[in-house]
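**Student:** Copying in the features that TrEMBL gives for the protein in this structure:
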| type | residues | note |
| --- | --- | --- |
| TRANSMEM | B:28-47 | transmembrane segment |
| TRANSMEM | B:59-81 | transmembrane segment |
| TRANSMEM | B:93-112 | transmembrane segment |
| TRANSMEM | B:118-138 | transmembrane segment |
| TRANSMEM | B:150-172 | transmembrane segment |
| TRANSMEM | B:209-227 | transmembrane segment |
| TRANSMEM | B:233-250 | transmembrane segment |
| TRANSMEM | B:262-286 | transmembrane segment |
| TRANSMEM | B:314-339 | transmembrane segment |
| DOMAIN | B:314-526 | domain 'ABC transmembrane type-1' |
| TRANSMEM | B:386-407 | transmembrane segment |
| TRANSMEM | B:458-478 | transmembrane segment |
| TRANSMEM | B:507-529 | transmembrane segment |
Amino acid sequence: MTRDQMTDPDSRTDNQATDGGRESLANNDLEGSDPTTDPLVDSSIDVDKSAAPSGSESRTVIESRDLDVFYDDVQALQSVDIDIPAEQVTAIIGPSGCGKSTFLRCINRMNDLVDAARVDGELLFEGKNVYDDDVDPVVLRRKIGMVFQAPNPFPKSIYDNVTYGLDVQGVDGDYDEIVEDALRRAALWDEVKDQLDSSGLDLSGGQQQRLCIARAIAPDPDVILMDEPASALDPVATSKIEDLIEDLAEEYTVVIVTHNMQQAARISDKTAVFLTGGELVEFDDTDKIFENPEHDRVEDYITGKFG
Amino acid sequence: MATDQRTGDWYGTDEAVSRLRGQAFKSLCLGATLLALVSVFVLLLYVANDAFRPLSADIGWLLTFAASLLLPTLGATGYYYTRDARAGETAAIALGLPVVSLLLTGGVFITLEHIVTVYQWASIVVALAIAAAVVFAHGRVRTSADLERFIVLVAVPIAALVLIPDLILSLPMLPTEALALLGSVVVPVAVVVGWFVRRQRENDRDGAIAAGLTLVVAAAGLGLAPVVGLSPFVWMLLVVVTAVPVGLYVESVVRRGAGTAGLAFPVLVAGGVIVGVVVTEALGFAGPNSWLDWGFLTDPPSRTPEDAGFYPPLVGSVMMLLVIVVSAFPVGVGAAVYLEEYAPDRGWWGRLVDLIEVNIGNLAGVPSVVYGVLGLALFIRQGGLGSGTALVGGFTVSLLILPIVIISSQEAISAVPDSMREASYGMGATRWQTVRNVVLPEALPGIMTGNILAMGRAIGETAPLLIIGAPAVVRIAPDSFTSKFSAMPRQIYTWSSEIDAAFQHGVLAAGVMTLLVVLLLMNGAAIIIRNKYQRRD
Ligand SMILES: Nc1ncnc2c1ncn2[C@@H]1O[C@H](COP(=O)(O)OP(=O)(O)OP(=O)(O)O)[C@@H](O)[C@H]1O
Ligand SMILES: [Mg+2]
């Protein structure tokens, strides 16, 4: 990377205050480039537009209508309306506790497992409300894979961890091949190829995180939900995971929660910004969000004034 | 800094922070611990002294064994303790495992001798094998019919168990007992050994060798056993129940290459015993006139203290444990799984579940006499089962330990982190798949530990046995679950009320000692299981 300020939104807040506009901000980093492609947060990073040109109208797979979630009496999401496009990467950002994980867990009905949780409103997957009575959450979860916020490998061998989804879903096929492929894509294969029989719990935190990613992609779901999949990874592994996510977006729909603005800017096509209180404040093309957000609160959050 | 004026003595001990009350509290706690330990230890020593009477031996005998057995083991223990803790662990298991497996061999022998004959066992094995083959074949032919497969899975084994054993037992010609044992016990064990070794070493050939070796050594008993004065039957049991686990353990220690020095310990102990015996025989030193000897374990009770034995109550206790294992454990673990994994936490039904859980806790505290009365009313008066039988005894004690089994299993299950369940559901697993693949395997060591401890409680229960009418003395070991039986604590109770002092101080102590050893071994096994699996996380 050529810019020293890439991970420091705070430094940019000052900049912005003095420069008085984001246009100049963007331009002082990438002289002469097309100003519309210069993201607010980090001009040294190309927002990837090759995969899906911004503004292209893509089919919607996941759609929420007036979605409220309560944990007992505490409201965690407030009437969220969102259309998540197919075969693109949608990033969800927002301060801690704003309901990002809650929203992800609504999509594959993991909140069913939390007794305190109650969901109102509609969440449509492929046009069908997943909270309808005739939807089997198990079938839903087989279509929508998930990587959890905290790595949670099973106390089984690495191999069995990756094949778990195949096993329970009754998928046929050459497991050895699937395992190798999934581990390679999760950038873990080289580290574990000689110890596939050792326990997944014996791996380091970052390795466990990648193991969980491999486990989620092995059964080939349609949608993959990732809750901070790179929170414990070094820059090399992170960039491999980001490559994986971009790869996945060719065929799959990826929804990723991240606290890392650069990551959101780098890999996502759309970005949703939740703010405290469980409100979806803005949802738009990633460039738009990072360059020219509609709400001041979003801008404040992205530039680090908030939170 | 604020401490500028007093530079230099900020670290001092000049009463700035008082530790007096803390010290006093610590000493009190230490005192309480010591008092508890010392009183138990003194009691054990007292009983052991009565049971073994070491002072009745010649002084030469004591000195010989001190030199051949006591000093070397103490030396080795000191070495392991200070130098090589890993080997010490190996030593403890290497000595304990043969003892436990010998005990287990005795249990299996008693079971096959008095409870199910080898032929019955063999016919059950054959029936199950046929059932498994049918189920497997059906799964191959009809791959997608879920409900049908489930029905077959349940119905075929039941049908097989009902029909086939009788068919086999009515055959005009049956193989000899030893051959039946070879087929129905040795072969399955050899298969399991082979599979296990193959998995451990990731090598097909090693697995085949291990299986073959097991089979050959066991079969050699057909010819060799009489030479060393054993029946082929006992030889095979020794191979399968004692030699196999010990062999597998030694193999695993050697393979890991850590703590191999510990393997010398059992050799040292056995060598010390042999040398001691040989030397004392040669020099003519008389050993202690111990109450607890081989005869005590294999003889029936008697009116004369010297002839008194413990065999029928031993058999009775084994039978009772069998009944408990097949009745209390499945029910208790099943209830625990339901309460932890399926029962709702909220709403009307959730409150009912809470109430039930609280009451299970209360039931664990109900005195055992009360359970005895319950057993009497339920099984004998209402159920029409004969009084004082192993079946009723087992059922009654099962009721008694059921709350303990449920609570300890529940604890083990709830110790499985929720993140693992979430991971499983997130992969699209059903609840059943999650329970079977994730929760139960993870909770199993804890469940087993709890169950073994509960078994320890069961084996020592006396009051319920008195109430359900277990006879004071049983001279012939019971040969079925519906004949009168006595268990170890029941027999001890009888001896305690004999007038003859030799009963009260000698025979009684020997019985208590036996019971305690069995208990300690069971608790030791539970602790080993727990430690083995705890270390992993
Ligand atoms: N199981 C639960 N029971 C009760 N309240 C919960 C539960 N899970 C989340 N909440 C509450 O819901 C709100 C949103 O939580 P959520 O986990 O969705 O936040 P998040 O945006 O993912 O935060 P982070 O970035 O820290 O992961 C929080 O206020 C939290 O306290
Ligand atoms: Mg979260």
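Each residue, glycine too, has its Cβ placed from N, Cα and C.
Show me how these features fit into the shown structure, please.
**Tutor:** Tertiary proximity for the transmembrane segment (B:59-81) is limited to same-chain residues at least six positions away from its ends with a CB under 8 Å from its CB atoms, namely 87-88, 91, 261-262, 264-265, 268-269, 272-273, 275-276, 279-280, 283, 285-288.
With a cut-off of 8 Å between Cβ atoms, the residues of this chain six or more beyond the transmembrane segment (B:209-227) that come close are 178, 182, 186-187, 189-191, 193-198, 234-236, 239-240, 243-244.
Sequence-distant contacts of the transmembrane segment (B:262-286), counting only residues of its own chain at least 6 positions beyond either end whose CB sits under 8 Å from a CB of the stretch, comprise 57-58, 60-61, 64-65, 68-70, 72-73, 76, 80, 84, 86-95, 98, 250, 253-254.
Using a Cβ-Cβ cut-off under 8 Å and counting only residues 6 or more beyond its ends in the same chain, the transmembrane segment (B:314-339) has close neighbours at 107, 110-111, 114-115, 297, 353, 356-357, 390-391, 393-395, 397-399, 401-402, 405-407, 409-410, 412-413, 435, 439-440, 447, 451, 454-455, 458-459, 470, 474, 477-478, 481, 485-488, 490, 514, 518.
Distant neighbours of the transmembrane segment (B:386-407): 316, 319-324, 327-329, 331-333, 335-336, 339, 360-361, 363-364, 368, 371-372, 374-376, 378-380, 450-451, 453-455, 457-458, 461, 464-465, 468-471, 478, 481-485, 487; these residues of the same chain sit at least 6 beyond its ends, with a Cβ under 8 Å from one of its Cβ atoms.
Only residues 6 or more beyond the boundaries of the transmembrane segment (B:458-478), in the same chain, are considered here, and those with a CB under 8 A from a CB of the stretch are 110, 114, 300-301, 311-313, 315-317, 319-321, 324, 328, 367-369, 371-373, 375-376, 379-380, 387-390, 392-393, 396-398, 400-401, 484-494, 515, 518-519, 522.
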**Student:** Taking contact to mean 3 or more CB pairs closer than 8 A (sequence separation of 6 or more), are the transmembrane segment (B:507-529) and the transmembrane segment (B:28-47) in contact?
**Tutor:** yes
**Student:** Cβ pairs under 8 Å only, please: of the recorded stretches B:93-112, B:118-138, B:150-172, which one is richest in them relative to the transmembrane segment (B:233-250)?
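**Tutor:** When the Cβ pairs under 8 Å are tallied, B:93-112 comes out ahead.
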